[in-house]
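Worksheet: the structure to be examined is printed underneath.
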Amino acid sequence: MKRTQNQFAVCLAKCVILCILMVIIEGQTYNLSGSAPYGIRGGDYRFTCHISGGNFIRTDIFVFKKDSVKVCEQPFSCDPSPSSDNRSTCGCINGNNSQLYLNITNVQSTDAGTWTCGDSFNINTSPPVTLPVYYGPENIRFTPSSIAVIENESRTVNCSADCNPPCTISWYNGGDSSGTIISSSNGLLQLNNIQRQDTAYTCQAEYTILTTTPLTKTLQITVYYGPENIRFTPTGSSITVIENESRTVTCSAECNPPCNINWKKGSVPSGSNGLLSMNNITRQQSGNYTCQVTNTQIPDLLQSKQLMVIVHYPPNITNLTSDATNNMIDEYSTVTFTCSVDSLPSSAIAWFRSPQGEQLYSGSQYTIPKASCQHTDNYTCTARNNIGQPVSKPIPLYVKCSPRENMVTKRNITNRINTTINLEVDIIAYPPPTFTWYHTPTRQIINTATTQQVSTINYKSTLKITLNSTLFGDYIVSVVNDVGVQNFTITVIDGEPPEPPDKLGNNNMLTIVGGIIGILVIAGVITVIGVVIYRRMAREDSPEDNVPLSNKAKTRPNEMVIDDNLTYEGSDHLFGPQTGAGPGKGQTDNNPMSSKTGQNNQMIIDDNLLYEGSDDLFGPQNGTESEKSKKPAKKPDPEAIYTAVVKKKNGQDNNTASGEVIKKKNGQDNNTASGETGTYENVDLKANPIPTKKLTFNKEGLNYADVVFTNKTPAAKDVKPVYHDAVEYAGIQYGVRGPTPPPVSDSSDDDDTPPPAPTSKQKTKPVKTKKK
């Protein structure tokens, strides 16, 4: 009862106080405003409350509320007052209790709401003010948070962020926002046919109201693919190794995640982790190996690839046979050998015959179409393939044949009593033969013979005997085998044995050496004779050189023709001095005829001059025209007698035979004995008469080409003849000895006695130049 009374008293007191306050503050108004239309999370914000009208007492209290919840209260006295949140403070502005403030630091999203200010009794309040709190972009995220797909699959991903107001969401291809922007709707990205390269996409959240930095985040996509592109290292679908070598092969493939790789040969595992190791390889390890690749994320996809392992090994002869029974055949039969070889690569097979070693054939089979006794031998098959060493294996062949001579048997042996001789037969036969020797005169079998086996088919039987008077005569040796019989007779004769072979050989050698020396001597003699004959034939001049003197002019018979290209000496007194600077002209040619002898007007036979048309005087010349022009002229014989030189009187015609006869003395040179000028005819140039020939005379009224005389050998290119049509030439009668000339006096070095006739013909053959 007492408690009820106390509660009533308190309630009554409050009512009284409220009634008093309502009377006091009646008529007051409040107005609330903010520092900005929105607050930014993390920033500061300020509310201002303006109070106007009414009566106040110091105990009055003003309140700031959010969503009707008191946040901070301020006494009218403007004394500081705490708030319910240490981030918020309120007070009077400049001590003015009609202007209150509320400062909020580090604005949070929870500060957003409806704010008012008023008295603590809620009698009067300000109109509400809504405070939005802006923030973001923050906490960007993906839904789903991660993506793992098999290549070519499709996925959808959403990008969101904490933003107020909501942000603008953009997607970019790649690991940052510098890539290509991708179309999206409110942060939702649709990915179709994802490829292995599509591993990253970037989401960007950007505020359009606040000047904040855009927020980005990259989405990593795991793309499963493979196995693909299985390959071997070393490359290639096969490897070749030599037996007993080692080799390693690696198998790899394109996979994500990495694949499981295993090796198998058939169903037998041969390697793991992609590694195939083969040590000391044998030929049994050759074959196909399979590399199998699987992806743990795509278990249904199995890929494989085969590797061929080729093992090379040296040859091995596995079988060597012939179609002969027990390797034996009859003579003239056909036999074929077969050689089987195991090797890789294939071997080259060759057949050889032992022991000669000559190659017979190349190939696995060798055939002898018609075997003879001499084919009995060992036949060797040799195989090689450049791996290791060649291998060989022999097989024998026996050809059955009757006995026959291998070397010709010496059928007659001559020797004296008490001499030891050997009777021998050299036989070919198979199977091995037996030898039986008989002495015909005594009809005895001789068992002392020895038999030597030289080869499989070659046998020698030798009978050694020391001769006495009863052992001469015929010896018969009978050679027998399973195929046939052969008898040979050797006759032993009493008499002088022939010369030993070595002595005969020495005599024969001497005979051969002597014969060779004789042949060489005969060949030398024949060569010398041939050279002599050749030189004599070569002296004969060509038909062109041996033509009569008139053959070149071809105007009248028996005319002497002066060759235009020849040079002569000592003609100035006949034709006058010539002009020009070349050979045969000029000052050299214009010297007097006595320029060499010192005598005036003497005609000189120059040793080095070349003349034409003189074959009948001096004989034919050797060599061709070009060779003649290079040879020096032969000197006239100083012993020759030149007689019957008749001087013509001035004014005489060319046919007049009269004139003064001038004689050449013995020992004189070839100069004309007379120094008088004039023309001469009927000159005999030889010491001995020659057979009568048709005389050559000049004819009246004929003109002759100019003759240039010179003391030099002509150079054909430099000879330029000058023609004097009016010059006449005296006829020369050659080959006839004239009358004995009268003595010539007034010459201190001449002898009045005529020179003796020469004992042999002397011919001087000047070399004729070839006309250009």
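Each residue, glycine too, has its Cβ placed from N, Cα and C.
Where the annotation comes from TrEMBL, it is an automatic prediction and has not been curated.
According to TrEMBL, the features are:
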COMPBIAS  587-600  compositional bias 'Polar residues'
COMPBIAS  625-638  compositional bias 'Basic and acidic residues'
COMPBIAS  668-680  compositional bias 'Polar residues'
COMPBIAS  762-772  compositional bias 'Basic residues'
DOMAIN    137-222  domain 'Ig-like'
DOMAIN    227-308  domain 'Ig-like'
DOMAIN    315-392  domain 'Ig-like'
REGION    540-600  region 'Disordered'
REGION    614-680  region 'Disordered'
REGION    732-772  region 'Disordered'
TRANSMEM  7-25  transmembrane segment
TRANSMEM  509-534  transmembrane segment
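Per DSSP, the domain 'Ig-like' (227-308) is made up of 3 helix, 57 strand, 22 coil. With DSSP states grouped into helix (H, G, I), strand (E, B) and coil, the domain 'Ig-like' (315-392) comes out at 3 helix, 48 strand, 27 coil.
Note: the domain 'Ig-like' (137-222) comprises 0 helix, 49 strand, 37 coil (DSSP; helix = H, G, I, strand = E, B).
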